[in-house]
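Q: Quick paste from TrEMBL:
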- D:107-316: domain 'ABC transmembrane type-1' (DOMAIN)
- D:9-30: transmembrane segment (TRANSMEM)
- D:113-134: transmembrane segment (TRANSMEM)
- D:146-167: transmembrane segment (TRANSMEM)
- D:187-205: transmembrane segment (TRANSMEM)
- D:242-273: transmembrane segment (TRANSMEM)
- D:293-319: transmembrane segment (TRANSMEM)
Amino acid sequence: MAEPLLQLTELTKHFPLKRRRVVVHAVDGISLSIGEHESLGLVGESGCGKSTAGRLVARLQEPTSGTVSYRGQDISHWSRRRMRPIRSEIQMIFQDPYASLNPRHTVGTIIGGPMEVNGLRPTERGIKELLEIVGLNPEHYNRFPHEFSGGQRQRIGVARALALKPRLIVADEPVSALDVSIQAQVVNLLQRLRREMGIAFLFIAHDLAVVRHFSQRVAVMYLGKIVEIGDRDSLYERPRHPYTHALLSAVPDPDPDTPRRERIRLAGDVPSPVNPPSGCRFRTRCWKARDRCALEEPPLVRLGGNAEGHLTACHFPEAPTTHGSDVVLDPALS
Amino acid sequence: MATVVLPETAEPTVTIGLSPGRIAWRRFKRNRTGVFCFFVSATFFIIAATAPLISLAYGKNAHERYGYRLLDASGYPPPPTGGMSPEFWLGIEPGLGRDVFMQLVFGIRTSLAIALIATVGLMLIGITVGIAAGYLGGRTDYWAGRVIDVLLAFPSQLMLIALVPVVDSMLVGPEEATPTWLRFATLCIVLTALGWAGSARILRSQVLSLREREFVEAAKVSGASPARIIFREILPNLWSPIIVLATWQLPILVGVEAGLGFLGVGLGPDVPDWGRMFLEGVQYYHLDFPYLLWPGLAMLIFIVCFNLMGDAIRDALDPKTKGL
Amino acid sequence: MIPDPSFLTVRDLYVQFKTEDGVVKAVDGLSFGLDRGRTLGIVGESGSGKSVTSMAVMGLHDPRYSEVSGEVWLDGENLLTATPRRMEALRGRKVAMIFQDSLSSLSPFHTVGSQIGEVLTKHTGASRREARERAIEMLARVGIPQPKLRVDAYPHEFSGGMRQRAMIAMALVCDPELVIADEPTTALDVTVQAQILDLLKALQEETGSAIIMITHDLGVIADVADEVMVMYAGRAIERGTRREVLKAPGHPYTWGLLASMPHLATDPDSPLRPVRGTPPSLLTLPSGCPFHPRCDYADRVPVDLCSTERPDLHPRTGHSSACYLSQTVKDQIRG
Amino acid sequence: MIRFLLRRLVSAAGIVMVVAATVFLLFYALPRDPARAFCGKLCLPENLKLLRHEMGMDLPIWQQFLAWAQGVVAGRDFPGVGRCEAPCFGYSFAKGEWVTETVLDRLPVTVSLSLGGAAVILTVGIGAGMLAAAKRGTWIDSLATSLSNIGGGMQIFFVGPLMVFVLSDTLGLLPRPRYTEFGDNPAKWFVGLLIPWIALSVIFYSNYTRLTRSMLLEQFNEDYVRTARAKGMSRRTTFFRFAWRGAMIPVVTQFGIDLGVLLGGAIVTELTFGLHGLGELVTQAFTNTDLPMLLGITVLSAGAIVLINVVVDALYAVIDPRVRLS
């Protein structure tokens, strides 16, 4: 297999909490790789560490341990100066279309900024071209962010990321703040860019349906760990981890006639990442948990019957189907 | 057909191509109270700037003792107007018999000059410390915070009085007489030194929240240097709080400067000064109330108008406060 | 005027806000009805006027900044003409509301228990002790573990899902006949969203109250609504039962919403088909059908009708969409 | 809570010590020599030397400071004057009095002035603010707002004489400001301080009116106030039970600052009304180059300011359960 574009190995990020001598285990030893032109989806509930993982890849944060390798080089502790040659190759798209654009700059300045920083002369023509690529009117070059709607702002953010001709884009929940109809526009735009420009994506989202549309491979995170990773079809059609099952069963479906696949209602919320449960971190909400789950942490391995590259971290995996389960753990519903 | 994304069709209705600053300016222009107060405040500054010209036109200056012949035996001008006449518009000063109008005009000149310089000075320090503490964080932030804490714990009036002679003596030898320009400098320095902590604290918190904004992260991802982030990304967003803080500080400093004059640590008896007019006015007011009234009214009008203008600016910069 | 027989009837509701840029027509002539024990899903994107509608039904708009006209009949009583005192007596007792952001919508200064209990004290004159007992009972009913301990906790000590449960407990403590849930699950994770929706359904079965479920998510609609109303730019553009609207939608905007929403059953490799453009500004609505600038089929309607005349819903109940396209053309397009 | 208070008190003591040390250093940077000033015009060198020794001024600065600090904590002996028990702030050679005693003697004047003033300020300011917010948009609102704007432009050395001139000299409604011991005659104490209190409240109340009003209006837009309305709570209940608490936090902050200003900065006020409090004492100490007195009053004021801050922080936690004191 060719060398992956990006390789994360046992990547860990702990945030010390002030005053109290505890740490938040935001990301706790995740390993994954992204190949050239590939889109990897990273999904999980809020607080599972998926955004932190993205920020580690974009080198906005230093990992506590583990490595981020880009094209075979370990860049996890490189200084800003040393990063310079490859800085333009890893770009980021942010979640909040309002906070991610400086309200005091024009669209032209916002998109031209990264070019200036990297010693490229931003030309009006170049910027207008970029605006056209992302589906905005190039005449809006001199306007300010407040004159645009959320969806248009997100396109400006995409144009800024494209300005440096990146090979990898970390997209941190790029569509979750947008309205449904706009969301699809932006997903399609990103899809087109990926195909036409061959950009690889680390696509972070909480919406499994969107990720399914955008990524060839998907990793599911829970409390700082990857609990299941695999090719899209394999993961969505034959998930093995109970948590993946629960997530899939909770995805809303607008078709009232879809045959009911399964119904799993987990009790409660994700435990605090300050003090994650021992052993398997999902055991506190898992209907299959037994003593072993508290003692031993399940390794992320390929289970019998799984496709190649489909890894699951579970002692008592579910059957490879999305039909059948009907688990209710919520006391108010039983 | 709708597989590729089509260009946006619906145009936003906001006026096109206006920067947030220009929009705020438009909004400000619509506020009638604000504009009126802006002109009143501006008038004060014009009076201050053109005081010598006014003196020339009026035909009198601030030093000469014009009215001693009009004062009674104990040195008071004729009540109840304090000697107002077509010749002496606002009457004459008790005791020395100088022209009150000229005293006031030149007093405004000194007071506003000191307040303005001190405002600029303390904003500069406040901005520097605020940005340094907020952006660099860590140790810098910790020590800046402690210094601010201590400064804010000083009883301010007392420290102002105590600092003036200290700074004086640092600028000239102990036995030499203090020239006026030097005392002027001292007052500016002291007001600045004791006043920056509040602004620094507020700007620091602003920088802290700006630092976490995604557009700063976007700049970092593109490899921007800290200097570029501070000057290109953060500073442009600080102008609003800086303007608001400055318009809030200036009238306060006018008051504080007058308070210093009132306490006798002003510029000395030869230099017309708003504060010293109060000091004398308070001594004479039982018999010559107008002498206290004129500086009092002038300062009241200035500060109220400047504050109202500041409010209008604040509303223009932050439309969310509208209607409050 | 005799109201319709249904439990809740809203007729010709208009809500306008005066802003410095002009008058915003947030709700522009809206009519709908709802029976006891049923759930009406109101779906629309931000700015479509769905939340404004719910606030108008509750009588929560500040008359100084807004103008509300029309009729809101609840059980034979017009809420828009009711006295403030009467509205206070109805709110929380007969009509209750569940808000979107549970952190900011619960008072940070009071315990969860006291916020639930005070509804009871206000409307039934229950003693403090009774109110507390009932609050504990309600917390248990909405599935909050250790309700006796949690009753004295503050909202910020709860997780998002628990807060939303507490909010539901607060809304339901007086057994209201109408519950308005304004995006109750938007800020929550999918697993928690599913819990909350199930809980609402279960509670509705117990109490038989009517629910207005406001959401932007068609998936939520498909899960809980009996009837559906789709809103666009302050107007209802389609109305019908859940099945009618989701399976045989009659308005191009509803088509667009359905086509732009990815779900697990669609082909993941086919691109989504979003509505093009952006929603209009409520200050300057397009003439005619407010959707026509974004509509791909406006040219299939003769004589520029779409850009000149405003289409309306069929006034009676039943499946109806505010669109000039004839059924045959629609069938053609939908293939 | 107790741990929080302890920690804050320790850091407060630290800040006060830093303030004291700064004043100490500043004083020695002064171009004046207290010993020479005290010695008089015809001062013999050996007298000056002796005096310096008596005043402890022949030691290095840091030793002098330590001796002073030791006096505060444990008491200290003054050669030729006597023993001074802790807390000893030293001996004023200029006045020939113990600093602690003199300060305690003057303290009631300043405290009466400040606390009485603060009470009037709070009542008038918050009251007017609440009224303005409740009657938003009416003439009451406009009146309260305009009055507060005018108050914001006033200075005590203008309002004070103005009120004395109008209320006592012209109308004869109130006696001229004058301090009487509360214990001697409470009524006289009250009447004598009424004009200064009102004058202070004219200066300061505007902040509270504006703050209370704008904070209350902001609170009316809060989601949880809307929730309360949706529960059927009346306007009055939402006002007093929900909006009020959130609005009070910035008001408490402002009050903490102003109380510090009132206590530590009574100089101008006392001078304006001719009251013999700490402010007057400190100006005297300053002209007499009386370091012990100056230090004593500064430390007392700084201590008051820092203590008020601790109390304000603790109050936050009482008002808002989200504030954690750890």
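Placed from the backbone N, Cα and C atoms, the Cβ positions cover glycine too.
Curation plays no part in TrEMBL annotations; they are all automatic predictions.
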Q: Who are the long-range neighbours of the transmembrane segment (D:242-273) in its own chain, taking Cβ under 8 Å and residues 6 or more past its ends?
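A: Hits for the transmembrane segment (D:242-273): 109-111, 113-114, 117-118, 121-122, 126, 156-157, 160-161, 164, 177, 195-196, 199-200, 204, 207-208, 211-212, 215-216, 218-220, 222, 224-225, 228, 233, 279-280, 282-283, 301-302, 304-305, 308-309, 311-312, 315-316, 319-320.
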Q: Most CB pairs under 8 Å with the transmembrane segment (D:9-30): which of D:113-134, D:146-167, D:187-205, D:293-319?
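A: Answer, by Cβ pair count: D:293-319.
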Q: Quick test of the contact rule: Cβ under 8 Å, at least six residues beyond the ends. What residues does that give for the transmembrane segment (D:293-319)?
A: 1, 4-5, 8-9, 12, 15-16, 19-20, 23-24, 27, 68, 72, 89-90, 92, 94-95, 99-100, 102-103, 245, 248-249, 252-253, 255-256, 259-260, 263-265, 278, 281-282, 284-286, 325
Q: For the transmembrane segment (D:187-205), give me same-chain residues lying six or more residues beyond its boundaries with a C-beta closer than 8 angstroms to one of its C-beta atoms, as numbers and ranges.
A: 112-113, 116-117, 119-121, 124-125, 128, 148, 151, 154-156, 159-160, 163-164, 167-168, 174-181, 258, 262, 269, 272-273, 275
Q: Do any residues, 6 or more residues outside the transmembrane segment (D:146-167), come within under 8 Å Cβ-to-Cβ of it, and if so which ones?
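A: Residues packing against the transmembrane segment (D:146-167) from afar: 128, 173-174, 176-177, 195-196, 198-200, 202-207, 209-210, 268-269, 271-273.
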